[in-house]
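Enquirer: The structure follows.
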């Protein structure tokens, strides 16, 4: 049994190459109807070099039509420069404007602070720079189409520019949330709930069945913890990624310091090599934030802080007395946050606040279990005496937000990604429990491991739209409509051939047939024979040569020793041309037909020729407006209101009533008619 072509198959495959029962290196492959899409292309924060990549070796990058990046975090876009520059990928890549602006600086920082040899680096600063030219931008809610794949995006909350992508292939809709948050915070709007219900929902499961504490309570706990650390003369370290939650925490701290004058002498530093560039991006893209920020920008820019200074490196840091430092990266793997942590961890007055989600295998995750000692980057063992607090500002959905989002959309299939194995399993079980007694809503929940494919079947109806000329008139019941069926990507149209150039990129071609046939007989014999057969023969003159138009489509031109047929090739015209050819060959090859035909038509053809030429002659004498044909056997000449009629068969001329006394007109017409007849009559 022959395999079904991928484009005709009803099978849809979803395969995580990363973020399958793990957090990190998000990369989901979608295959349907011969199209392949990659959703995100991240790295694993807890791994290095090639080990941090998704399982790209399981696919052929050249087959990917479209790559969509949900947001700028490294676990969602960190492998993108490598994929665009080091593989055979030739498809198109899209992300939002804000994501592209921040991607450039965030990955530049990643390249600089990575603590691995140049040989193990996935890509260079040059690769990153060149990858920018291959990335296209999309506005929120803007519909685009690539290779028959329609897609658009919604606000996802989470971070500035984060997007959820709705993808439609052959009528099947899939929503990929990326990382999203349904809770509005100080600067970001909550994730939108699409008004279109998807058939498949690929959704993050980072927090599983956990419920977040209320925003107000969380902010108060955070501010109190920071206040306690500086009150005891300590230094507060808040490891964050340069962009994302950092801006939210800066807004909170700046407002808290403003309301507490006793803290004004204690400095807050935003320690990132990207600090200045990042804040410029945030100050630019305020229109992508929530209403509160957009209203405030009319008075002052909330991202121009009063109590926070930028700290580019440790060289510029005067580490004397209590202070608060927000430093990147967020999981304390390397960079400024790692330097400060190793410098401060032995003093019990100091404190570290973990404010975001931590991936397994990172130092941030390790210290949350409060070990007695830690290992420095140089391999030295240090006692951990500073306080460790975990206050999650991670803008991911909790169980309540996730379940409400699913309840609003009611997708038949839910695919869980971006969650640790146990958290994901608990979320899957909770969702199944929620809908097991609901007869109206049937939802299948899947939680595939990395490289494991989820296979779904979608059998869509094929509808063809009648367009253009064929759609001008409403068809009646039982009427047959015929045209050309045009398939473009996954859309079918029925068109008239004349509309092809209007509705498609197809060019219309015509084939002109020319056929020469030997013929030596009188040309008028062909006229007679074809007229007798078809009743549809028109006399023409082409380049001063006698010609006939038969069936309104076949042109017959007299040439010396032959006739030439011309027509536009199509099934009906070809059939007409065969008929005309048969008649010509029959007249040419059969002397009896020619002799009999001459006798039958000589008189008729003589009258025909005589009539035409007499009309021309009289027009030359009296003027074109004075001569008219009454019927096949009568010509009329009218001069100064007097009319003379000529009987072409008898050549008799009679004047109409009131014109009898004008003998001169009658005699003049009669003489002209007689002389022409004598000139045309052959001498035997």
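Cβ atoms here come from the backbone N, Cα and C positions, even for glycine.
Sharing the features that Swiss-Prot gives for it:
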| type | residues | note |
| --- | --- | --- |
| ACT_SITE | 396 | active site, proton donor |
| BINDING | 75, 76, 179, 418 | Zn(2+) 2 binding site |
| CROSSLNK | 462 | SUMO cross-link |
| CROSSLNK | 465 | SUMO cross-link |
| CROSSLNK | 545 | SUMO cross-link |
| MOD_RES | 2 | N-acetylserine |
| MOD_RES | 659 | phosphoserine |
| MOD_RES | 681 | phosphothreonine |
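Can you walk me through where each of these features ends up in the structure?
Expert: Look at residue 396 (active site, proton donor): DSSP puts it in coil.
There are 31 other CB atoms within 10 A of the CB of residue 76 (Zn(2+) 2 binding site), with all protein chains counted.
Neighbour count (other Cβ atoms within 10 Å of the Cβ, all protein chains): 10 for residue 462 (SUMO cross-link).
Residues within less than 8 Å, Cβ to Cβ, of residue 465 (SUMO cross-link) and separated from it by at least 6 positions along the same chain comprise 491, 492, 493, 494.
Counting every protein chain shown, the Cβ of residue 545 (SUMO cross-link) has 13 other Cβ atoms within 10 Å.
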Enquirer: To the nearest whole angstrom, state the Cα distance for the pair residue 75 (Zn(2+) 2 binding site) and residue 396 (active site, proton donor).
Expert: 14
Enquirer: I want to verify one value. Collapsing DSSP to three states, which class is residue 179 (Zn(2+) 2 binding site)?
Expert: coil
Enquirer: What same-chain residues, at least 6 away in sequence, bring their CB to under 8 Å of the CB of residue 396 (active site, proton donor)?
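Expert: Listed in sequence order, they are 158, 179, 180, 181, 204, 206, 207, 357.
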Enquirer: According to DSSP, does residue 76 (Zn(2+) 2 binding site) fall in a helix, a strand, or coil?
Expert: helix
Enquirer: Sorted by position, what residues of the same chain at least six away from residue 418 (Zn(2+) 2 binding site) have a C-beta under 8 A from it?
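Expert: Once residues fewer than 6 apart are set aside, residue 418 (Zn(2+) 2 binding site) is near 19, 23, 26, 179, 204, 205, 206.
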Enquirer: What Cα-Cα separation, expressed in whole Å, is found between residue 76 (Zn(2+) 2 binding site) and residue 462 (SUMO cross-link)?
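Expert: Counting only the Cα atoms, the answer is 36 Å.
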